[in-house]
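These notes concern the structure reproduced below.
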Amino acid sequence: MEIFGNVVSGLGEGRFFVGLTPYKNKFEELTGFIPFEGTLNVKLKHNFNLDNFNPIEFDGFEINGKRYFGGKVLLIKLFNKHGNFVNCAIVAPKKTDHSKKTLEIIAPIQLRKFLSLNNSNVVKIVI
């Protein structure tokens, strides 16, 4: 399946959460890559239901009495307008401030830099 969306700025929280060792280790286990510390946010025209694609669920954890929630991961390919792509994953935390129209994507590299992406650029996601 192919879906299209626009690159948008995030809240800056992806860098913090992806950088936490338990998340980083879990993402490596589930995706096969060590994620770059940050996410690429992609806004869709319609709500996206990750559960329609059999995502992999992961549990939360606790650090120094603070609870961090689990979520779901779905492996994808992300393409820029030139057809260049990166194997990555959609991450859907159980607790998020994003709408169901915004996807958070992790990858082993900085996607904006590697795929020359700026806000409003259209990307293709292949599931």
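In case you wondered, yes, glycine gets a Cβ from its N, Cα and C as well.
The Cβ of Leu111 (CDP binding site) has 23 other Cβ atoms within 10 Å, all protein chains considered. Annotation comment: Swiss-Prot describes Gly10, Leu11, Gly12, Glu13, Gly14, Arg15, Ile109, Gln110, Leu111, Arg112 as CDP binding site.
Here Swiss-Prot flags Thr39, Asn41 as Mg(2+) binding site. The DSSP secondary structure for Asn41 (Mg(2+) binding site) is strand. Applying an 8 A CB threshold to same-chain residues 6+ apart, the list for Asn41 (Mg(2+) binding site) reads Val7, Val8, Ser9, Gly10, Gly14, His98, Thr102, Leu103, Glu104, Ile105.
Classification of Thr96 (FMN binding site) by DSSP places it in coil, neither helical nor stranded. Spatially close to Thr96 (FMN binding site) yet at least six residues away along the chain are Glu104, judged by Cβ distances under 8 angstroms. If you look up Swiss-Prot, you'll see Thr96, Glu104 marked as FMN binding site.
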Entry from the binding-site residues list Gly10, Gly12, Gly14 having the most other CB atoms no farther than 10 A: Gly14
Which of Thr39, Glu104, Ile109, the listed binding-site residues, has fewest other Cβ atoms within 10 Å: Ile109
Inter-residue Cα distance where the pair is Thr39 (Mg(2+) binding site) and Gly12 (CDP binding site), in Å: 9
Euclidean distance between Cα atoms of Leu111 (CDP binding site) and Thr39 (Mg(2+) binding site), Å: 8
